[in-house]
Amino acid sequence: EGTPSLGKRHNKSHTLCNRCGRRSFHVQKKTCSSCGYPAAKMRSHNWALKAKRRRTTGTGRMAYLKHVTRRFKNGFQTGVAKAQTPSA
């Protein structure tokens, strides 16, 4: 009923998640309570600003994204030289 029966619980309701690695994947529901896996989009809520800060863009390597701003400034050059126009 109350506190004594809580000690009898020994089955895991959550196991490791394939996406985020946390022990938040609900075995019966087949969804992660942390990242929302297997949903395509990551789970994030506005009431959890601290949690958002931990896992948003910029907390990892950003192997691709960190170069995009520089390439944007130059107009995404492809490496092919522009055709020379004869000056008048």
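Using N, Cα and C of the backbone, Cβ positions are placed for all residues, glycine too.
The feature Zn(2+) binding site is assigned by Swiss-Prot to Cys17, Cys20, Cys32, Cys35, with similarity to another entry given as support. Swiss-Prot lists 17-35 with the feature zinc finger, giving sequence analysis as the kind of evidence.
Structure coloured by features recorded in Swiss-Prot.
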| residue | record | CB count, 10 Å |
| --- | --- | --- |
| Cys17 | Zn(2+) binding site | 20 |
| Cys20 | Zn(2+) binding site | 17 |
| Cys32 | Zn(2+) binding site | 25 |
| Cys35 | Zn(2+) binding site | 21 |
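For the Zn(2+) site, the Cβ centre of Cys17, Cys20, Cys32, Cys35 serves as reference, and the other residues of the chain with Cβ at most 8 Å from it are Asn18, Arg19, Gly21, Arg22, Ser24, Phe25, Ser33, Ser34, Gly36, Tyr37, Arg43.
Mean pLDDT across the zinc finger (17-35) comes to 98 in this model. When the zinc finger (17-35) is classified with DSSP, helix, strand and coil residues number 0 helix, 4 strand, 15 coil.
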